[in-house]
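Inspection log for the structure reproduced underneath, given as structure tokens.
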Amino acid sequence: MVYSVGLTGNIASGKSTVAEFFSELGINVIYADKIAKELTSKNTPCYQDIISHFGSSVVLNNGELDRKRIRDIIFSNSNERLWLESLLHPVIRKKIEEQLIVCTSPYCLIEIPLLFNKHHYPYLQKVLLVIAPLESQLDRIVKRDHCTKKQALAILATQPNLEQRLEAADDVLINESGLSELKAKVNKLHQKYLREAKIKQ
């Protein structure tokens, strides 16, 4: 199977921008969140399981899942979050594996927001962690989700702590300056992963 790098980091750390930069360099990127959205779209098995568990209050008028409502539930109740993760993670892992088989770039990048245990993804050779200063994260969450700073802090509080993240990480990318510096760091890592992928072959 192709050499693969797991890209992770807390919410609003700049993961998506980093993934875009790798994509511009010709690297295939797999998005776990996108897979999760497809797996929970209307009338899928996971969709039915979620409604059976949470009830009709998580369904919008058009029949789609009310993702904001579900997010509010799991951010305020760790047991509900664990239930949802146990439902989705095994099927997400399987879908990622299927996409890795058809990867055409020298290595593949997999964006997995909640990756803090590499053993759950045995096909990963490396884990790249993106870190951003707390204030930057808060600003991004407030702007993106149109929420208060207090709500943004509550969202961040549900994320794995930095120690857990660092324990799983092989490489750490600190996103604290402008885009040009971030791009330069990505280019450097790209060269490193190209070399490592070549050795693996």
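Just so it is clear, glycine is given a Cβ too, placed from its N, Cα and C backbone atoms.
Here Swiss-Prot flags 4-201 as domain 'DPCK'.
The Cβ of G14 (ATP binding site) has 22 other Cβ atoms within 10 Å, all protein chains considered. Residues or ranges marked as ATP binding site by Swiss-Prot: A12, S13, G14, K15, S16, T17.
Neighbours of the ATP site: apart from A12, S13, G14, K15, S16, T17, residues of the same chain with C-beta atoms within 8 angstroms of the site's C-beta centroid are G9, V18, V130, A132, R140, N175. Listed in sequence order, V130, I131, A132, Q137, N175 are the same-chain residues six or more apart from S13 (ATP binding site) with CB atoms under 8 A from its CB. The Cβ of K15 (ATP binding site) has 24 other Cβ atoms within 10 Å, all protein chains considered.
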